[in-house]
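Undergrad: Pulled these features from TrEMBL for this protein:
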{"type": "COILED", "residues": "396-430", "note": "coiled coil"}
{"type": "COMPBIAS", "residues": "465-508", "note": "compositional bias 'Basic and acidic residues'"}
{"type": "COMPBIAS", "residues": "516-525", "note": "compositional bias 'Acidic residues'"}
{"type": "DOMAIN", "residues": "1-262", "note": "domain 'F-BAR'"}
{"type": "DOMAIN", "residues": "389-466", "note": "domain 'REM-1'"}
{"type": "DOMAIN", "residues": "528-589", "note": "domain 'SH3'"}
{"type": "REGION", "residues": "293-314", "note": "region 'Disordered'"}
{"type": "REGION", "residues": "465-525", "note": "region 'Disordered'"}
Amino acid sequence: MSWGTDLWDQFENLDKHSQWGIDFLERYAKFVKERLEIEQTYAKQLRSLVKKYCPKRSKEDEPRFTSCLSFYSILNELNDYAGQREVVAEEMGHRVYGELMRYSQDLKAERKHHLQEGRKAQQYLDQCWKHMDNSKKKFERECKEAEKSQLIYERLDNDINATKSEVEKAKSQLYLRQHMAEESKNEYAAQLQNFNSEQWKHFNVAIPQIFKNLQDMDERRTVKLGEMYRCFAEVERRVIPIISKCLEGMVTAAKNVNERRDSGIVVESFKSGFEPPGDFPFEDFSQNIQRTGSDGTIGTPKMEGGKPDPKHAVSRTKNKLWLFGKKPKIPPSIPPPSLPSFPSGHFQTPKFSTERIANHLSEMKNAKSKIPSFRTVKRGAPTLEDLSHLPPEQRRKKLQHRIDELNKELQKEMDQRDALNKMKDVYEKNPQMGDPGSLQPKISETICNMEKLRSEIHKNESWLAEVEGKHGSRSERRASADVNHHAPHGRESPEGSYTDDHSQEHRSPPQPDPHEFDDEFDDDDPLPVIGHCKALYSFDGSNEGTLVMKENEVLYVIEEDKGDGWTRVRKQGGEEGYVPTSYVEITLEKNSKGAVTYI
C-alpha cells in the first residue's frame, strides 16, 4: 500500500496525520523525562537515607560487631544501588529523551519540506488550470463574436437596400472574427493539452512522490519509537546485573552476622582482667568464749594475739565485691590492732610492731604513686594520659592501640624525611631546580616530630609493660600460694587503676605467712593501718573511690597523702576510700618512720 496511489486526494488528512505522529513522539519524550526525574529523585532520597544512617564517628570508635558491620555493608550496597538508579536516569536522559527531542526537530523540518513541495505542486497545477480556463473562455467569446458577425453579414447581403460598402465591411468583419476565433481555438487546445499533461504529472508523479516521502517519514518515526521503547527497557536491563550484585552483597552481609563472634567482641571490649571474687572466709566470733567442754572438742583455730581481726576479715570480703578496686597482695604482717578507745576526747596510740611499721612505711615511700587527684575528677577530667582510670585489660588494649597509631605516624614522618632528603640531594646536584637550604627547616621539623613520637611511644610502651607485668604477677599468685611472697607490685587508685614499681619486686626478703592457708581462697590482703584520724567536718563522698564520713568519726589511716590532697582511710566496718586531708586530724603511729600529725 502506498499513500501516493491510494491517498492521492487526501493531502489535508495526511497533513494532520503527520502532525499527530510528531506530537505523539514528543508526548513519549515527555513521559521519558518524567520517568528519569522519578529515578533521579529516588536515587537522591536513597543517598540521603544512607547518609542519615551512616556512622558519624571515627573508624576506631565504630562498633566491630558483625551485625553492625553487616548493616554498614548493606548501606554501602544501597549507596551503590542508588548510583545505578542515577545511571538509569542519566542513560534515559541521554539515549532516549535527548535522542527523541533531536529526532522530533528533524521530523518537523522534513515534514515542513514535504508539505511545501506538495503545496507548490498544487499551486502550479492550479495555475495551469487557470490558463486553460482563460483560453477556453476566450475561445468561447470569440466564437460568439464570429457567429454574430456572420449573422450581420448574411442580413446585409440579403438586404437589397444595403450598399456594397456596407456588405464588404460586414464581410471583412466576419473574416476577422473567424480568424480570431480560430486563434483562440488553437490557444485553448494548447492550454488544454498542457493542463492535462501537468495534471497527469501532478497526480501520477509529483503527489505520489511527496506522499511517499511523507509515508517514509512516518514509518521512520514509528521505527524510531520502537527503538526508543526497546532502548528504554535496555537502559534498565543493563544495570540489572550490577543491581543483582548489590542485592547479593546485602544477602552476603546478612549471612555474615555471627552471634558467637559478637559475643566474643563484647567479652573482649569489656573484659577487665580482674579475677572473680573468692569465697567468704569464716569469721569465728566465739574465740573469746571460755570453753568448758572436753579437750577433744573441735574448735576453730585461734587467731594470733587471741582475738580475731575484724578489720582484716571484713575488708577482705569487702574488696572481693569491689571488682574494680582489687589490691595486689602484700607481705603478711601482724594483724592491725583494734580501734583504741579515746576517753575524754584524747587519742591513744595503739601498740604496733616498730620493725613492721618501718618496713611498710619504707615500701610506701619508695613506691610510685599514680593516684589521680580527685580535684581533677571534680573539674570533669577523669581521663588520664596513662589511662590508669581503666581496668587493666581495657588499659592494655587502649595502650596497645595508641602505640600502633603512634608507630604509623612515626613511619609517615620517616617516609617524609627520606623524601625530603632525596629532594635535597637532587637540588644539590641540580641547583637550577631549587634551593637545598629551603628544605632544611622542613627536615628539622620532621626530625623533631620523629623524636617527639619516639618519646611518646617509649612512654606508652613503659605503661604497657607495667600493665602486662602486673597481669603476669596476678596470674601467678594462685599457682604460687605455697611460695613466699615479695613486695607489692602496685596499689589501687580511686578509679580502680594500679600503680607499679618493678624496682620493689625483690627488695625485702621472704617472710613467713601466718595466713598461708587463706591464700588458697583469698588473693588480696588489706593495707596495714599506719595511724588513725578524726573527722573535723562531714564529707559526702559523691565521687567514685571516696568515702562518706561524719563529723568526729574516727577512722583508720592506711595510706598517707601523696601530695594530691587526699588520704586513704578505712572504717571500722572494713570499707575503704579517700577523704580530703584538710577535713581530718591525722595521727600516725609513734613508731612509724617519719610519723607526722596533720591538722
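Yeah, the Cβs are placed from backbone N, Cα and C, and that goes for glycine too.
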Undergrad: In the domain 'SH3' (528-589), how many residues does DSSP call helix, how many strand, and how many coil?
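TA: Grouping H, G, I as helix and E, B as strand yields 3 helix, 29 strand, 30 coil.
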Undergrad: Which residue counts does DSSP give the domain 'REM-1' (389-466) for helix, strand and coil?
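TA: Result for the domain 'REM-1' (389-466), in helix, strand, coil order: 72 helix, 0 strand, 6 coil.
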Undergrad: What average pLDDT does the predicted model assign to the coiled coil (396-430)?
TA: 89
